[in-house]
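Q: Relevant sequence annotations retrieved from TrEMBL are reproduced here:
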SIGNAL    1-40  signal peptide
DOMAIN    56-171  domain 'Transthyretin/hydroxyisourate hydrolase'
BINDING   H64, R103, Y169  substrate binding site
Amino acid sequence: MQSGCARYQSRHLTTLRALAALSTVLTLLLIADSVPSSAASIISSAPHTDNSTVPDTMQNLSTHILDTTRGKPAAEVPVTLFQRTTSQSWTKISTGITDGDGRFRSFFAEGQPGLEKGVYKLYFDVGLYFRGRSVESLYPFVEIVFTVADPTQHYHIPLLLNPFGYSTYRGS
C-alpha cells in the first residue's frame with residue numbers, strides 16, 4: 001500500500017509529465033505556425049478582417065496571435081503598425097483587426113510600398129480582447145518593436161498571448 005505522500009508525488013509527477021507534453025505540442029504548433037484555418041472554432045466573416053483581396057506581392061509583413069491559454073487564435077484584436085521617424089517619434093502606417101484565424105496581413109494598400117528599412121512597432125490592443133471575454137489581464141496592450149534590415153524579405157511577427165504573459169519570435 002502506498003503512503004499518502006507517495007500517491008501525491010505519483011499523481012503530481014503524472015500531471016507534470018502531461019503538462020510538459022502539452023507544452024511541447026503547443027510550442028511545436030506555434031513555431032511551425034501550423035494552426036490551420038479549419039481548426040479555428042471562431043470564424044469571423046466581417047469584411048474589415050478579410051485579407052483575401054490584398055495582393056500578396058505588396059505585403060511583406062504579417063502577424064498572427066495565438067491565445068495560449070485557450071490554445072486558439074485570438075480573433076478580432078485591433079493591430080496598429082507604426083514606423084519610427086528620424087526624430088525618434090512614431091508615425092502610424094495602418095490599423096486593422098485580426099481575422100478568425102488570429103491573422104492580419106493587410107498592412108499596406110494596393111500600390112503602397114511595403115516595409116522599408118527602418119524600425120517599426122506593432123501595437124496590439126489585447127486589453128479589449130480580454131475584456132470582451134471577461135478575462136482579467138495584466139496587459140492593456142502589447143507593443144513589439146522590430147527592425148527591418150532587408151525589405152525584400154517577408155517579416156512575420158507572431159504574438160503568443162495569455163492574460164499574464166506574452167512572447168514573440170520572427171516567424172516565416
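Cβ coordinates are placed from backbone N, Cα and C, and glycine is handled just like the others.
Can you tell me where each of these features sits in this structure?
A: The domain 'Transthyretin/hydroxyisourate hydrolase' (56-171) scores a mean pLDDT of 94 in the predicted structure.
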Q: Using a 10 Å cut-off, grab the number of neighbouring Cβ atoms around the Cβ of H64 (substrate binding site), all chains included.
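A: A count of 22.
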Q: So among the binding-site residues R103, Y169, who's got the most Cβ atoms within 10 Å?
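A: Highest number of other Cβ atoms within 10 Å: R103.
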